[in-house]
Amino acid sequence: MPYAKELRIAQLAVQRATLLTKSVFHTTAKGTVSKEDHSPVTVGDFGAQALIISALRHHFPDDEIVAEEEAAELIANKPLSERIWSYVQATMLEDESAEQELGGPIQSEQEMLDAIDMGKSPGGAKGRIWAIDPIDGTKGFLRGGQYAVCLALMVDGDVKVGVLGCPNLPVDDSAPLDAHAGENQTDAEGKGVIFSAVLGEGATSGALSRGALSKEAPIHMKPIEDITQATFCESVESGHSSHSDQAAIAKLLGITKPSVRMDSQAKYGSIARGAGDLYLRLPVRADYEEKIWDHAAGDLIVREAGGEVTDVTGKRLDFTLGRTLKANKGVVAAPKAVHGKILEAVKQVLSSK
Ligand SMILES: Nc1ncnc2c1ncn2[C@@H]1O[C@H](COP(=O)(O)O)[C@@H](O)[C@H]1OP(=O)(O)O
Ligand SMILES: [Mg+2]
Ligand SMILES: [Mg+2]
Ligand SMILES: [Mg+2]
């Protein structure tokens with residue numbers, strides 16, 4: 001299979017990073033600080049980013065990396081840096097050979113800070129570029145809701161590999177779609193799923209494990225016979241996508257089921273495995289540029305599962321333009337057969353505003 005090594009390293013790296021986020025979740029002090037744009041970042045975000053970058057550097061030292069977080073804040077905040085370092089040191093895959101495969105532990109706090117800062121590539125249309133969101137849906141993570149550890153490889157602006165670690169979604173692809181699953185289920189009861197895709201090779205899901213990778217199975221979007229029976233996913237945060245526009249679109253389509261609100265790219269994973277049907281992300285602000293790390297893995301996983309992903313104008317998401325999706329507004333993801341119909345409703349609602 002093409003990109004087999006990249007896929008395997010990405011899956012192991014995502015899996016290890018989720019272990020760190022889970023141990024941070026179980027402490028009361030999550031080291032939450034507010035970034036310049038007022039969004040939160042935690043010990044979990046920084047630690048997960050350090051672990052993923054260190055594994056990528058070990059195997060693919062010449063690849064570029066676009067990652068959400070940077071270390072500047074930590075250089076000024078030594079106690080926070082030390083806390084992250086203690087989690088990074090304590091986190092390893094329980095399977096020793098898998099841990100070794102990732103290149104073993106980071107050697108020092110400084111090396112960890114350097115790793116965090118290796119995600120500053122401007123991105124673009126040329127070469128091999130990894131996109132990392134160490135915790136997507138930080139607000140969901142803090143609430144005990146959905147979040148995802150996201151990693152994608154783009155080659156010449158095309159997403160080739162995508163991996164989403166979703167520690168609070170059920171493993172079972174046929175479990176009813178429940179935004180609160182993570183709040184009332186334990187790991188032993190089958191919580192934690194990893195979604196993956198390689199361009200042209202399909203999409204899969206498997207159990208997130210604490211060690212070696214688990215067995216995976218192909219996933220597919222659910223064919224929709226009757227759009228009025230569809231379930232659509234949307235953000236929890238009304239500041240991230242327009243709940244009112246999404247409700248108007250659903251109404252126009254005759255959808256009566258309530259939306260399922262969940263944070264993060266868990267929405268892409270959920271529709272890719274047929275637990276939900278549609279993902280609508282209508283812009284709230286005309287000037288917001290979606291970040292590539294918020295969509296690269298999910299876009300590929302949904303397309304490989306039989307879906308179509310565009311923006312609200314019907315254009316494919318364009319990952320060639322740098323760290324953001326400058327040429328796109330919003331996201332409409334649906335099974336291929338009905339995407340056109342959904343898009344018509346989106347356009348109608350937007351043009352009547
Ligand atoms: N105004 C906005 N419109 C769309 N997405 C946003 C906006 N502000 C922040 N985000 C991003 O939405 C993502 C979460 O999406 P969701 O609501 O689907 O969980 C986060 O990565 C968050 O970025 P950030 O990491 O900077 O907070
Ligand atoms: Mg994000
Ligand atoms: Mg994030
Ligand atoms: Mg963030």
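Placed from the backbone N, Cα and C atoms, the Cβ positions cover glycine too.
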Of Asp294, Asp299, Asp311, residue recorded by TrEMBL at the Mg(2+) site of Glu68, Asp133, Ile135, Asp136: Asp294
Assigned conformation of Asp294 (Mg(2+) binding site) - DSSP reduced to three states: helix
Cβ neighbours within the same chain of Asp294 (Mg(2+) binding site) - under 8 Å, at least six residues apart: Asp133, Asp136, Cys150, Gln265
Three-class DSSP secondary structure - Glu68 (Mg(2+) binding site): coil
Spatial neighbours, same chain, of Glu68 (Mg(2+) binding site) - Cβ under 8 Å, 6+ residues apart: Asp45, Gln49, Gly119, Ile132, Asp133, Pro134, Lys291, Trp293
